[in-house]
Amino acid sequence: MFPYPTLNYSPMAPVNPMAYRDPNPPRRRWRPFRPPLAAQIEDLRRSIANLTFKQRAPNPPAGPPAKRKKPAPKPKPAAPKKKRQPPPAKKQKRKQKPGKRQRMCMKLESDKTFPILLNGQVNGYACVVGGRVFKPLHVEGKIDNEQLAAIKLKKASIYDLEYGDVPQCMKSDTLQYTSEKPPGFYNWHHGAVQYENNRFTVPRGVGGKGDSGRPILDNRGRVVAIVLGGANEGSRTALSVVTWNQKGVTVKDTPEGSEPWSLTTVMCVLANITFPCDQPPCMPCCYEKNPHETLTMLEQNYDSQAYDQLLEAAVKCNSRRTRRDLETHFTQYKLARPYIADCSNCGHGRCDSPIAIEDVRGNAHAGYIRIQTSAMFGLKSDGVDLAYMSFMNGKTLKAIKIEHLYARTSAPCSLVSYHGYYLLAQCPPGDTVTVGFQDGANKHMCTIAHKVEFRPVGREKYRHPPAHGVELPCNKYTHKRADQGHYVEMHQPGLVADHSLLSLSSTKVKITVPSGSQVKYYCKCPDVQEGTTSGDHTTTCTDLKQCRAYLIDNKKWVFNSGKLPRGEGETFKGKLHVPFVPVTSKCTATLAPEPLVEHKHRSLILHLHPEHPTLLTTRALGNDARPTRQWVDQPTTVNFTVTGEGFEYTWGNHPPKRVWAQESGEGNPHGWPHEVVIYYYNRYPMTTIVGLCTCAAIIMVSCITSVWLLCRTRNLCITPYRLAPNAQVPILLAVLCCVKPTRADDTLQVLNYLWNNNQNFFWMQTLIPLAALIVCMRMLRCLLCCGPAFLLVCGALGAAAYEHTAVMPNKVGIPYKALVERPGYAPVHLQIQLVTTKIIPSANLEYITCKYKTKVPSPVVKCCGATQCTSKQHPDYQCQVFAGVYPFMWGGAYCFCDTENTQMSEAYIERAEECSVDQAKAYKVHTGTVQAVVNITYGSVSWRSADVYVNGETPAKIGDAKLTIGPLSSAWTPFDSKVVVYGHEVYNYDFPEYGTGKAGSFGDLQSRTLTSNDLYANTNLKLQRPQPGVVHTPYTQAPSGFERWKKDRGAPLNDIAPFGCTIALDPLRAENCAVGNIPLSIDIPDAAFTRISETPTVSDLECKITECTYASDFGGIATVAYKASKAGNCPIHSPSGIAVIKENDVTLADSGSFTFHFSTASIHPAFKMQICTSVVTCKGDCKPPKDHIVDYPAQHTETFTSAVSATAWSWLKVLVGSTSAFIVLGLIATAVVALVLFTHKH
């Protein structure tokens, strides 16, 4: 019946009965037959796979689903569109995938860093480094690890650390520390940390409370530092860290103003109830809802460390989102209001002005000033509006457009920014500052005397900011309105009489109270009636003059000004952040035209063309600095003497330049006589003139003497024979006197006569030919010989010991070279070169001084009564009570009494806001250490930038060698016992001790740090009696001694230090002082030596100097021909010290020649050069260099400089020899005449 075969196995699913089918069904596609058991196993595998990977979502279809997602958000409105794409979500995704280095840092930190828990909250961290666990001392709590929590920790309060040894099982899995900290970027939990100028910094806002104890790692995962805290420094945060030095000793580096970064919650107080400062108890306790209570809460926590958190919580506790960069910085000033204060010059005289000027700060560069007024900017009565300013129009608050505001000095100022009570403007120079505005037909202005100057940056006195130039550090007022750590003191306003609250109602004085306000009244008619009312009140007085009404305003703060009366009773103070605080920035300064430089022999001529007054400073780089300092404002030419020790000049804002003189000269010391004279005349003009005059005088005297002797001798000889007829003239006399003899005895007869009569003259007669022969030989020798060579004595630098000792000059860049010889081994070349040297004294900070600011609180006015002063702990605090002030009715305080009124005036000193960027530090300096960075090469080993201590005791490990250098031959330092550091400059200055500063001089304001409470001040502050018309606190005091010192401080040490020292800071040090010599000792390992049998043996050496310029930087070239036993390398060195060879070794073949360069100061160098174990002598003549002045120091010593060349000596000897011949001839003739005359007489 069914066309299909019967199944031999039970089916997997029941088969439904099938309907009638065509006996010829359609054909189906062929499929491979699957065995039943295999099918069951496959189905089981699929079921297990589905259970295992059920969480894996199926792959979406390729086409339609993707197309459906795109048009889905299109019909939706714009508002939901913003919600679906919040910017923080994208930033969060980026943070989830840190970089490779940060991932490694986070991995190492998570394994070796353990949180410290306090009350279940992470308060800080402890890390395991080098087998020890380190925990910040200021972080309270317990380490979240059972084994580490059980360790007994030792306290090191000087480093703010606790430490202890970790268990043995954990020592193999700890972080390793390193003392290597090259400048660059390092890693920590929050990303990159920048290390520069010996300080770790991060961008501001990165890291904070709770990060104390986290490690800073390098790229190898080694701990470089442990974070303890930080200090905000403008746009970056300086980290307080603990590091390790090269000896493994812990070093703490804490920047000024740093705070510990533990997460301990700071508590605030309100009505004897403590609460977290970021969570006020009346949450949401907003200023809008409870203004008076909020101000009271802030006043009671004025000195709290978390005052900023409390202020932010009180101002921003509402959930309404605020616009970033606008209300974020403006909302806190809604706690304050403008006020009316006294102005000494309102254009028409003294008045109570709505825009009175409280203070002007102009210590920034480029003409920026900050003005504080009694009006407010960027605020209206109903909120924030940058286009408006508000002021007190009588007793009401009024707002107008900010465009009606102006400021001027000698010309209108440019308003840069404004916020709260403050204006930031850029003004031209002037002697007064005026601020005003136009309110309809009314004009309000206030002018005060304040000198505004354009303060240029650097060493050029330009008058306008340049368009381009050089970037230099300067002080500016930041344009930001954000919190910068400076505060302005506020308080609730005092009571001021308001006549508008009083009126007559049925012959009685009625007090009208505004809605929602309170009024305090005081009446005397004749009984005293006083009280406070929140509603209208009618008194028994019948005259308005008998009552005073005061509107109580406790919902707003005002500035704590000396021009406003203080409230009655105990008043608390508040504070708000000051905008536009001074910060360190970069300013563009002018760059004077480069001087035209002219070089002559040992002379430097500068042709200067300044565009404005420009400072020129110079100094010599030797023992006597001979510093000069002059302001050049007109084109001029200056001439300076330059020696081989070096000369430095600094022109304007250009970097300093150093030059050195070379032994140059015109002519040729080895040429003809006129060339020799020209050469020495250019180098030694006076000596050459004296020498030439002496030679000329000798020649003239010799010639005259010889001629006179010869003439006199001839006359003496001939005269007797002329007088005697038929006299016989001897043959010799006839020959000498050109006389033709008629008859003469022969020679034998004459000699016989002398022998018998006078034997002395016989021997004299015999010696005459010998003398003539000697004179002829001497003249011949002077004509043909070049003169004797110079004898140069120098010490050998070779050493024959395993431990090599020597002495090298303390000059940076001048290498010390030697061949270290050891018996049985080939010589090893040794080279030590100083890269930098540092003289680091022990500096103890005595105090910090800066410009002071006189704080004048609101005075206390007591009507019809007396008040008294109370002592307060403020620097230079002055308090005085003045009686009989503000007479009846019309006085500034509106008192009833005539003479019984009193005022308590107060004033004291505090640091100015500029102290954060403009201060001087007074240090006491003691004997310090000397450090050096050296490059060492011995054999084939080369070591770069090795740090060593120059004390003769501390060895430095240089590979397998051990180097000990020092101490210096001269215990010298450029620092006096007292130095002052101002900015990047250092001054030797005898400052007064702490607590002994005098008014008007350096040290009139002293403190240990910029934030400490040990402030000392002596400013000769004196309070004066107030005038009756207005409420104010007059005073007098001495000008700032710090500002006076800045004007008269003179030249910094960097411009006058001898020996070419460069003064640097952080730490205080003198670098590269070329003073004294440095002994050294180095132990070279055996592996650096090679057996002498393994090195080539050199023979048949011949050295020839092909070209030589003496006193120049490797200006000599010589060629050495050789024969070697085998090919190889040989060190070369000149042990004589006359020449310094540039090359250290040469590669030798079996035979050939090689060329080397050398530097020498000798005109006739004759030095020995050692090649392996063989020695050859190189001789030759050197020419003078063509360049008079160069910008590099000499590479040789000046000890062997020859004063006179051999050629000059030869010409001099020829000259003197020829002159002496004339004298000898004259003497011979005189002797002959005397002999003849004597013989004739006998």
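Cβ atoms here come from the backbone N, Cα and C positions, even for glycine.
Feature annotations, reproduced from Swiss-Prot:
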DISULFID  CYS850-CYS915  disulfide bond
DISULFID  CYS863-CYS895  disulfide bond
DISULFID  CYS864-CYS897  disulfide bond
DISULFID  CYS869-CYS879  disulfide bond
DISULFID  CYS1061-CYS1073  disulfide bond
DISULFID  CYS1103-CYS1178  disulfide bond
DISULFID  CYS1108-CYS1182  disulfide bond
DISULFID  CYS1130-CYS1172  disulfide bond
LIPID     CYS717  S-palmitoyl cysteine
LIPID     CYS737  S-palmitoyl cysteine
LIPID     CYS738  S-palmitoyl cysteine
MOD_RES   SER110  phosphoserine
REGION    37-70  region 'Host transcription inhibition'
TOPO_DOM  325-688  topological domain 'Extracellular'
TOPO_DOM  745-759  topological domain 'Extracellular'
TOPO_DOM  802-1218  topological domain 'Extracellular'
Exercise. What counts of helix, strand and coil residues does DSSP assign across the topological domain 'Extracellular' (745-759)?
Worked result: 12 helix, 0 strand, 3 coil
For this session: Give the residue from the disulfide-bonded residues CYS897, CYS1130 that has the most other Cβ atoms within 10 Å of its Cβ, counting over every protein chain displayed.
Result: CYS1130
Exercise. Between CYS1172 (disulfide bond) and CYS1103 (disulfide bond), how far is it from one CA atom to the other, in Å?
Worked result: 15
Seminar exercise, completed: Here the recorded positions are CYS717, CYS864, CYS869, CYS1073, CYS1108, and the Cα closest to that of CYS915 (disulfide bond) is found at CYS869
Problem set entry | Nearest of the disulfide-bonded residues (CYS850, CYS895, CYS897, CYS1073) to CYS1182 (disulfide bond), judged by Cα-Cα distance | CYS1073
Exercise. Counting other Cβ atoms within 10 Å of each Cβ, which of the disulfide-bonded residues CYS869, CYS1061, CYS1073, CYS1108 scores lowest?
Worked result: CYS869
Problem set entry | Fewest other C-beta atoms within 10 angstroms, as judged across CYS879, CYS895, which are the disulfide-bonded residues | CYS879
Problem set entry | Proximal residue to CYS850 (disulfide bond) among disulfide-bonded residues CYS895, CYS1073, CYS1130 (C-alpha distance) | CYS1073
Problem set entry | Between CYS863 (disulfide bond) and CYS869 (disulfide bond): CA-CA distance (Å) | 16
For this session: Name the secondary structure element type, per DSSP in three states, that contains CYS717 (S-palmitoyl cysteine).
Result: helix
Seminar exercise, completed: Here the mean pLDDT of the topological domain 'Extracellular' (802-1218) is 86
For this session: With CYS895 (disulfide bond) as the reference Cα, tell me which of the disulfide-bonded residues CYS864, CYS879, CYS1103 is the closest one.
Result: CYS864
Seminar exercise, completed: For CYS1130 (disulfide bond) and CYS1103 (disulfide bond), the CA-to-CA distance in whole Å is 16
For this session: Compare the C-alpha of CYS1073 (disulfide bond) with the C-alpha of each of the disulfide-bonded residues CYS864, CYS1103, CYS1178, and give the closest one.
Result: CYS1178
Seminar exercise, completed: DSSP output for CYS850 (disulfide bond) maps to strand
For this session: Write down the Cα-Cα distance for CYS1108 (disulfide bond) and CYS864 (disulfide bond), rounded and given in Å.
Result: 101
For this session: Quick one: pull the CA-CA distance for CYS717 (S-palmitoyl cysteine) versus CYS1108 (disulfide bond), whole Å only.
Result: 59
For this session: Work out the three-state DSSP category of CYS1172 (disulfide bond).
Result: coil
Exercise. Per residue, counting other C-beta atoms within 10 angstroms of the C-beta, which of the disulfide-bonded residues CYS863, CYS864, CYS1178 reaches the highest number?
Worked result: CYS1178
Seminar exercise, completed: Rounded Cα distance in angstrom between CYS897 (disulfide bond) and CYS1178 (disulfide bond) is 109
Seminar exercise, completed: Comparing the Cα of CYS879 (disulfide bond) with the Cα atoms of the disulfide-bonded residues CYS863, CYS1061, CYS1108, CYS1178, the shortest distance belongs to CYS863
